[in-house]
Amino acid sequence: MTSRMPTVVPCLLGPTASGKTAAALALAARRPVEIISVDSALVYREMDIGTAKPTAEERAVAPHHLIDIVDPTDAYSAAQFRADTLRLTAEIHARGRLPLLVGGTMLYYKALTQGLNDLPAADAEVRATLDADAAREGWPALHARLAALDPVTAARLAPNDSQRIQRALEVFMLTGQTMSALLAAPVMQDDSAALWRFVPIALEPSERSVLHARIEKRFDAMLAGGFIDEVVKLRERGDLLPEMASMRCVGYRQVWEYLDGAVDYSTMRDKGVFATRQLCKRQLTWLRSMPERVVVDCCDPHATARVLEAIEALL
C-alpha cells in the first residue's frame, strides 16, 4: 500500500431534481473534469427520458462514465459500481483530470466508501426460479417463506417488496446463510479505496416543498417529452418483465402499470410523483447520516455557485 496522502475526490450527492447536473456542468466549464455517475438507473441503455439522463449536449461538455453501460435485462450491482468507480477514478487522475462523482444512489456511495459485505453475485437461474414461484404464489407468500428462514430481514421488508425479498431468498439459496447474518459479518477490507478521500457535497433542501414542486414539474415534463412512448418501446422488445430491476426504477413501474391498464393516466401520474418524492425522502435520510458531508441548500438561487465554492475549497 502506498504511503502517499489520499487524493481528494469531490462527490456531488443529492436527491432527484436538486440541481446536481447543473452544478457538475458548471464545474466542467472551469476545470478539466470527468464525471462518474452514481445512479443505478442511468446505467441502463434505452432508458433516457424517465431517468432524466444527461442529454448529448450535456455529455459533450465533459466525459461521462457509468451511463448506458448495461442492457435493461441485465443486473448491475453495488460491487460492480465500486470496482468500476475505483478503476475510473485512478484512470481519470492519471490523465491529469479531476474525477467528479455525481448522483443519488446512496447504496452505491456507501459501497464505495465503506466497503462491501461478502454477498454472492446475482444468479439468473435462482432468480428465474423465485420469479416463477412469485407468479404462482404471490410475493407475500415468498415474504412468509423468508420470515421462516430469516425473520430479521423479513421484519424490515414489506410483503410486496419483490426486489429485496428475492435478493434475500437468493442469498440464502446460494450460500445457506441468511442475509442478516452476512450483513452482520465484518466488511471485507481492501486498500484500493485508501488512495482516495471521497468527500460528499450534499445538495439538500431547506424547504422540502420547493423540491417537491420541482419533482412534480420534472415528472410532468417527462410525460410531455415522450416517457410513455419510451416504455412502450421497451415493452415491445418482448424480453423485459416488470419484476426486473430496470423496470422497477421509479416512473417506469408506474407507466408499465398504466400500459397494462391497471391504472388510469391521472393515477399513474400521481403515483409516479409520489414514488419520486418517496425516493427523495430516502435519499435525504441517507445523506443526513453522513456527518462528514458539506451541505449546500439546493433551494438557494445561488446553489450552483455555492457548490463550486465548496469543491474549490477542497482542492
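Using N, Cα and C of the backbone, Cβ positions are placed for all residues, glycine too.
Swiss-Prot has this to say about the protein:
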BINDING   Gly14, Pro15, Thr16, Ala17, Ser18, Gly19, Lys20, Thr21  ATP binding site
BINDING   Thr16, Ala17, Ser18, Gly19, Lys20, Thr21  substrate binding site
REGION    39-42  region 'Interaction with substrate tRNA'
SITE      Thr105  site 'Interaction with substrate tRNA'
SITE      Arg127  site 'Interaction with substrate tRNA'
REGION    163-167  region 'Interaction with substrate tRNA'
REGION    248-253  region 'Interaction with substrate tRNA'
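A mean pLDDT of 95 is what the model gives for the region 'Interaction with substrate tRNA' (248-253).
Counting other CB atoms no more than 10 Å from each candidate's CB, the recorded positions Thr16, Ser18, Thr21, Thr105 peak at Ser18. The Cβ of Lys20 (ATP binding site) has Leu12, Leu13, Gly14, Val102, Gly103, Gly104, Leu203 as same-chain neighbours under 8 Å, each 6 or more residues away in sequence. Residues 40-41, 44, 47, 50-51, 162-163, 219, 222, 227, 231, 234, 242, 272, 275-276, 279 of the same chain lie 6 or more positions beyond the ends of the region 'Interaction with substrate tRNA' (248-253) yet place their CB under 8 Å from a CB of it.
Packing around Gly19 (ATP binding site) is summarised by its Cβ count: 20 other Cβ atoms lie within 10 angstroms of its Cβ, all protein chains included. Take the mean position of the Cβ atoms of Thr16, Ala17, Ser18, Gly19, Lys20, Thr21, the recorded substrate site; other residues of that chain with a Cβ within 8 Å of it are Gly14, Pro15, Ala22, Gly104, Leu203, Cys298. With a 10 A radius on its CB, Pro15 (ATP binding site) counts 27 other CB atoms from all the protein chains. Residues in the region 'Interaction with substrate tRNA' (39-42) partition by DSSP class (helix H, G, I; strand E, B; coil) as 0 helix, 0 strand, 4 coil. Applying an 8 A CB threshold to same-chain residues 6+ apart, the list for Arg127 (site 'Interaction with substrate tRNA') reads Gln166, Glu170. Only Pro15, from the binding-site residues Pro15, Ser18, Gly19, Thr21, place their Cα within 10 Å of the Cα belonging to Thr105 (site 'Interaction with substrate tRNA').
Within 8 Å of the Cβ centroid of the ATP site, not counting the listed residues Gly14, Pro15, Thr16, Ala17, Ser18, Gly19, Lys20, Thr21, the chain contributes Gly104, Leu203, Cys298.
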